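A.B. asks: TrEMBL lists 523-762 with the feature domain 'ABC transporter'. Annotation comment: TrEMBL describes 236-254, 274-299, 311-336, 342-366 as transmembrane segment.
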């Protein structure tokens, strides 16, 4: 099949990724609608606040023409609770001059006129307080702030003269749009009451009085700047509106990185250019629609900001600002590894934007008072230029007479060209510039920040000529940009102990030296090595150092076409690292690997390799919102299949993996088995010549698919299921501690590394009794095996016996089983079966030996508790262990136990038990340490070092 290349392939990648983004947004309707229509909610809230402000100020005549002012008559003294801001308990007024009988009568008359308006309080008969002199009143004010609206001060000069004074706070108060003028609300009523009662007292007529009224001048309406809700709340609401798209975009990018979806597309060969352009185009489209809706909603609610300013001026300001937020989200996505952090980061950006908006409202730094360098730095943060643009447009519509800014006036400065440094046109230029700045920075950070595999490009990768020519520009490094990577120590070559591994290595080396290209070899690995270098991470308070780690230590082998090669090994053996190196996820430290003649070290070779391989990861990497059909269409387009063949290829693959009936069902509702089959189908897109990383878990269905897929390609399978490896593989390689420990067919490995042959003898139900004196009916069979092969039953019951026969007895088996077959009726045997040990036993044996090798070098010990109460420290992986202080004249070699090992959930070797104590074979020579008694150790449990006498 001829795959797409060049610009047609780039366009195909772009369209496939754009369709993916469209489908994901369509399936997540709630978030998409929130991003598009949240502007309506914010505009509605601002409208409601605006209407509330208008309603609260409707009684004010400040902004109305007053031609015939209303006459206001004198009002009674109001209760203190009517004051806007007062502390309880409060007083209606306080007065001084209580040392005068006449003054006391005047105040009593004032209180009598008030009538029931005065309410008794717990501080006195009425809500007033009296003092002797004004100085006492002032002192009381200092300790009783906000508890009284005013005070009256009386002084009786003589029989015909009584002077008075009124004391109030002249500051006006505003509450919920209403203004409280203390002069007319409190001072004038106190003044009228005091003058009236003084006059009555002097004249002697208690009914004497007069009418008092006042009114304002006739005047035109006050033309002043209208403080609207849009001007006060608009900037912060518009910033909050943009945060929806920002957080959703940031979350989508980080989710694809967190779930390794981006890595899966990269392994398929997706172009980074197509990836970023697809996101930019889709988010740009959403931004265009949401900005358009915002302006239309603002016009619908009749805000002058949207009606008087040019439609295109306002629309372009919001559009460019949201584009800036998109590019900022691209940058931040490189630093965030968890999608759950996107909301937190969005809130922090909003909070910083809110603070900078407050600072920008003071004029900083867009005036001649500040240097241009500050304006440049300040304008790099998108909310700052957006806030400055909003201020210009709001100021242009701040009064009813304002006409706004038209498109032709966008370059006109508010204060004149000689004084101002900012206009709408300059804002646009800043927004375009900062968008390009953040977008380029996002691509740069995407390359130099370590990805999910910890791989990144050099900091100055763009300065290398190979980056621009496409030859050698894909060199990558590992570790954080904030860490100092030490030198990578070379891997010490150790000759393989296993003969088969040595022969494989010798064959590959010879082919490499002779330049032989075997057409039947799909993958040829030449000394593949991977070392993670030691680093020094610079933290806030300390430096953290890590030592170099050799993950793969020189791997040499061939993988043939039309075969399935199974790569086994415990956790940390180097399997995943080897696969990652072959697929280009991780750079290799040493050696090389050739896949159908292309080197994984070459950027051009890796580009060719990605076109011919399929990868089925260990864990399913799928979008929950996409169906299996949509997954296959997407990855087929990325793979470069011709558009005309994509549908037919997808249908065939769905039929092969038995997912045709669920082709249009979203993958999120699939079972684990269905997801695994879909992952296998994705790996087989484009008829790849090599399929790597396969780790099937759905047994028979996937096994059948893999068996059929071997034709015409090589498959590398990694699995933890020995049954799968035994059934599916043509050859098996087992790695441990970074090295290949054995290689060959399943039968070959079982015969070389298993415990031996397993013989199962089944018995018939017979009336003939073979019991011996001890009552054992199968004693003759036991004696027969012991006399000829020196073995005892590993398992037995009334119907069968199982014997494990060592490999060194292989030459005796032919004659032994011929004789046993001839005596079947004598022994009451119905059936005899002979087989090899299981692959699981081989795997554990190899893993145990590797652990023992490592423990011997590193001194890693574990404690073995014996039934006798002794605790022996033994190396990890030791099988036969000698017990100190057990030598005697009858048994000079001492006693030993066989230790049983198993892997735990993390892949580490752990002790599961041990055999009963037995004699050490006479042909084994051991050296023993000093006995525990000689070292002074006493007690029931003694910690001593055991002696490994056989591996």
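Placement of Cβ uses the backbone N, Cα and C atoms for every residue, glycine included.
Map these features onto the structure and tell me what's around them.
C.D. replies: On the 0 to 100 pLDDT scale, the domain 'ABC transporter' (523-762) averages 85 in the predicted structure.
With a threshold of 8 Å between CB atoms, the same-chain residues lying at least 6 positions outside the transmembrane segment (274-299) that come near it are 10, 13-14, 17-18, 20-22, 25, 32, 35-40, 43, 238, 241, 245, 249, 252-253, 262, 265, 305-307, 311, 314-315, 318-319, 322-323, 326, 330, 439, 442-443, 446.
Beyond the ends of the transmembrane segment (311-336), by six or more residues, the same chain brings 238, 242, 245-246, 249-250, 253-254, 257, 276, 279-280, 283-284, 287-288, 290-292, 294-295, 298-299, 305, 342, 345, 349, 382-383, 385-386, 389-390, 393, 405-407, 410, 424, 427-428, 431-432, 434-439, 441-443, 445-446, 449 to within a C-beta distance below 8 angstroms of the stretch.
Residues 235-236, 239-240, 243, 246-247, 250-251, 254, 328, 332, 336, 374-375, 378, 381, 383-384, 387-388, 391, 421-422 of the same chain lie 6 or more positions beyond the ends of the transmembrane segment (342-366) yet place their CB under 8 Å from a CB of it.
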A.B. asks: Under an 8 Å Cβ to Cβ limit, what residues of the same chain, 6 or more beyond the ends of the transmembrane segment (236-254), are close to it?
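C.D. replies: Those are 24, 31, 34-35, 38-39, 42, 45-46, 279, 283, 286-287, 290, 294, 318, 321-322, 325-326, 328-330, 332-333, 336-339, 341-343, 345-346, 349-350, 353-354, 357, 383, 386-387, 390, in sequence order.
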